[in-house]
Amino acid sequence: MPETYTLPSLPYSYDALEPQISAKIMELHHGKHHAAYVANLNAAITSPETANLQSLIRFNGGGHINHSIFWKNLAPAGSPDTDKSNAPTLVQAIEKEFGSFKDFQEKFNATLLKIQGSGWGWLVSRTGGKLDIVTTKDQDTVPADTTAIFGVDMWEHAYYLQYLNVKADYVKRIWEIINWKYAEARFTGSSEDEFKDLRAML
Amino acid sequence: MSLAATTRSTLFRATKASSIRALGSITAVKTKYTLPDLPYDYGALEPHISGQIMEVHHKKHHQTYVNGINDAQEKFGAASSPAEKVALTSLIKFHGGGHVNHSLFWENLSPTSKDGGAPPTGSLASAIDDTWGSLDEFKGKMNAALAGIQGSGWGWLVKDNTTQKLSIVTMPNQDPINTTQYTPLVGIDAWEHAYYLQYQNVKADYFKAIWNVINWKTAEKRFS
């Protein structure tokens, strides 16, 4: 019997990210969407049938990993975690790579808005520490030779109830709730990769 | 035919501008696409699809695809190197596909007070029975295919142009049906923006409800 996965609790309440992300979005996104990825992943890995299984594990396993990182890389606006001074090493590396923090943000936003369909935008570090902006489609996880520093969910369910078709506003406001403390920990390697085994399975 | 070329040829057909087509493809490439009017009011598909969804979907999303294809086409015309043109084909396919798909979608929906939900008749009805056993069996298969889409995309009932056989195909994102191979009969938009304001994560309910507003008369015309 393989290990089964569980929906992680959010490190804050559903309404804690308002007004940037509404409680209704958070409740559906965590309690329904993420929960469905977990349930479908568990169903796939315990299923005796083999048809389409690899695709289901990849999709739902990816959904579980991506959302688990996403919840942690957000924090209520104005809380100490959203203060960039908590990410000195990362911010320095961003400025070195992209010229300035503002240039990085603009490039990140533009990249995310170009996604054709469902997907995610990520700041990743490549082997050796070089930073890069990548997008992944649907629930694909970040490329194997990269570590996700933080991600932004660009599926319509992540913003639609509040922002409708104006995804540029969602992308603009998400900066107010990025958890820089957690991003720094992922960049410096002090946060452990809890999904190492699952990622290997995808 | 490349997908971008397929998209363009479908777009030409979608415009139904025979006078422009007669001027040849060079002129046609410069045609500006426009948002088609809906053949019914925004609220006409309620309660199956809310007026708010229809308004945002048509006025905002579809308009964005129209703007996108016009913009990409203009840049394509101005591009001098093959590399620049190649770089634009992804945008042409995405926005052109979005324009084609939505244009077909609006036409294959209708209020229940008009043709919406009335089952197909004649040769299309027979073909569905021959292929799936019954209309309900077909709907079940189509809904399962729609529910299985991993991400954004569309589900289609199509006719194979060579064998005349019916089948269900799903396409990712805004990829259009290859109309050299298939004739699209009924399309269902499975992007979250097509249902989220009303059905949220319960997309199965949207797929169930939409059959009440499917316009089989349009499908019959496309079939024959």
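Quick reminder: no glycine exception, Cβ is built from N, Cα and C everywhere.
Sequence annotations record features per position, and here TrEMBL assigns domain 'Manganese/iron superoxide dismutase N-terminal' to B:32-110.
Around the Cβ of B:Asp189 (Mn(2+) binding site), the number of neighbouring Cβ atoms within 10 Å comes to 24. The Mn(2+) binding site feature in TrEMBL is assigned to B:His57, B:His102, B:Asp189, B:His193.
Summarising the annotation, TrEMBL assigns domain 'Manganese/iron superoxide dismutase C-terminal' to B:120-222. Predicted-model confidence for the domain 'Manganese/iron superoxide dismutase C-terminal' (B:120-222) is 98, expressed as mean pLDDT.
Mapped onto DSSP helix, strand and coil, the domain 'Manganese/iron superoxide dismutase C-terminal' (B:120-222) counts 49 helix, 24 strand, 30 coil. For B:His102 (Mn(2+) binding site), the same-chain residues 6+ apart in sequence whose C-beta sits under 8 angstroms from its C-beta are B:His57, B:His58, B:His61, B:His62, B:Tyr65, B:Asp189. Listed in sequence order, B:Ile53, B:Val56, B:His57, B:His61 are the same-chain residues six or more apart from B:His193 (Mn(2+) binding site) with CB atoms under 8 A from its CB. When secondary structure is read from DSSP and collapsed to three states, B:His57 (Mn(2+) binding site) falls in the helix class.
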